Amino acid sequence: MAYLLSFGIVAALFLASISLYRYGNIPRQHILVTLSVLTAWCFSFLIVFTIPLDVTSTLYRQCVEEHRPTPAPNVTNTSSATVGPPPQCQEPWGMVPASVFPNLWRIIYWSSQFLTWLIMPLMQSYLKAGDFTVKGKLKSALIENAIYYGSYLFICGVLLIYIAVKGESLDWQKLKAIASSASNTWGLFLLILLLGYALVEVPRSLWNNAKPGFALQYAYFKAAKLSTEKAEAEEHVDDILESLQGLSRVIPNNHELRPCLETILRKVPIELQERASRNFARTGGSGMGATSSTILPSEKALVRIHKQVIKSLQTLQRTEALWSVQVQTVLHLEDVAKNIHSSDRRFKSEFPRQRTQLERICYSASLQWYWECLLKAPFLKTMCVLTATMSAMVVWSELTFFSRHPVLSIFANVIYVAKESYDFFTIEVFSMVVLCYFFYCTYSTILRIRFLNLYYLAPHHQTNEHSLIFSGMLLCRLTPPMCLNFLGLIHMDTHIIPNRIMETVYTQIMGHMDVIGIISNGFNIYFPMCMLAFCLATWFSLGSRALNALGFQQFLQNETIATELVQEGKDLIAREKRRRQRAEEAMARRRDFNRTDQVLGSDYLSKYRSGGPGGLTSSRTPADGLLRDGDGSFDYAAVASSSALGVPRSLSEEINDRFGVSTQVQVGFRDPDYEAETDGRIVGPPPRGLFDDV
């Protein structure tokens, strides 16, 4: 009967692996980063998939306890047979031995806490450190985390003083409860923010995406903003590299700091180095980022600029990749707008991509037209209605789940009705659906979070290691409070609704939906009110309006700035389309020229290679081969620069050429124009080790 648990473990591992493959670049990132993020994501998904099994197991144990026959006081039972479960209680599908869930939750809890509070923060700080030795990087990572955790220790000290003043005794169990309450408090308040935004934004985004005109206008707006961010990232990189060029001229080759400078220069792409050298020569070292000082810098100065180089190059690479993705999105939406009124009902693309035979059979042009132009909009609107209904149920249950008599929570009433008939299958399915919606709302908001343009999960293998580690930390810290909130909504947290049901194994190990005692008074009032306030603020777009008033452009209809940015996005996309058209025309001309050259020179080349009777002599001169009259199988154009010949490059090649070979990074980026025959390409060798800078 444990096949559901096995299926949940496999599904969690599969989803974590697929997500890591989509967002990360597994062949390029370090193996420790891959394993840590995979473990964090897998445990977070596993908690969501396993909670329904724990709920049904708890309800089954309660059923057995309620229907257990009471033995008569004067009757001695001499039978040695084991008493089976009552006939009213049927084992749920996911029933496992009693020792499985306690051991599973302990493994998940302590592994997640160890990863999210110790290992992953140290790894993140190590990756951002600009030192040039292992000892220096570890020292910087420890100092940064000591400052971070020092604030937590200060808060804990204040709480301990508060408890001591009240005259309460402290032991290990109470300290553990305080730590669990503090963690739950942090997670619950962050959950309020994420759910309050997502419960409104998820249905609204589905409805807006069902309107092709609105989606296209918003895509133009995002393209204009990404273009601005890309230009700012390029300017920031140029300023830092000009300063680096000045240091390169100041530090002599035989100086002890020269190897440190060479370590920084090896991370800078060749193209960017050459451009920085030209800018430095043109401005004479008087640019914004340049320095004209002849004083030798200290090692701390090099560490600081090394850290700036790492951060600026990551930002530039991410903006380049996101710009390419956004261009493909806009081009696709334009194709949809042009094909809506097509008479032959076949989807035609302005820039068609080469598709495999299987794609042409399973997803033909006619089928694509029916989906993109006829069925997709009604499907998205239907999903909008369903998610809006689910959001309304969640908000109502959040507002009323503290009510014991009468029970007003919708989710709690559904569980009670199914429990009365011992319909464990309905309980499992309903719990899974609700948790998956919580999961989608919370995690989709995390995937769109941007902190100072540093942490951002970009698809198509464009997410750096810092952002992957940060997302793993955030998921490990948010998943337990999210599941505790769900157990509170269905009235299965005994600290909220006592003496009603048995306690789940999850709450026994992970703790309860408790908060710090100082703020626990009135928590059942301000927690739902905060959730409702965030939902209303998102519904009326108060956050977007406030950011727009502060100068951060947001997509608001009937706003002059938004209209100007939409028009700017149209112009940028039109320029990009002209560039692609010129590249395609140049490639077609080169293809025709090569074909004509091969036809006209085939006879001459065959005689030239034969060297036999009637042919050319086999003697060679130094001038032979200058006009490509050698072996036709060797294509010089294949090794030439594709940009110089006007050949359109893939997005991966554009980014790799932009960042150069010196970065030792080949971006495995797959855009919608990715061809099937490129599947056999090797992304590149894995990194040399964790300490490449040493």
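Easy rule for this one: first residue shown is 1, then count along the chain.
Glycine is no exception: its Cβ is also placed from the backbone N, Cα and C atoms.
Since we're looking at a predicted model, the values are computed, not measured.
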Would Swiss-Prot have Lys166 and His255 facing the same side of the membrane, if we go by the names of the topological domains it assigns?
no
Swiss-Prot annotation, N-linked glycosylation site - which of Asn77, Asn558:
Asn77
Who are the chain neighbours of the topological domain 'Cytoplasmic' (128-144) in space, where the CB to CB distance is under 8 Å and they lie at least 6 residues beyond its ends?
122, 259-260, 263, 299, 302-308, 310-311, 466, 691, 693-694
Take the transmembrane segment (4-26) and find every residue of the same chain, 6 or more past its ends, with a Cβ under 8 Å from one of its Cβ atoms.
34, 37-38, 41-43, 45-46, 48-50, 53, 93-94, 96, 100, 428, 457-463, 465, 468, 667-668, 683
Under 8 angstroms for C-beta pairs, at least 3 of them, ignoring pairs fewer than 6 apart in sequence. Is the transmembrane segment (31-51) in contact with the transmembrane segment (427-447) by that rule?
yes
Between 107-127, 382-402, 427-447, who has the most Cβ pairs under 8 Å to the transmembrane segment (468-488)?
107-127
On the 0 to 100 scale, where does the mean pLDDT of the topological domain 'Cytoplasmic' (128-144) fall?
85
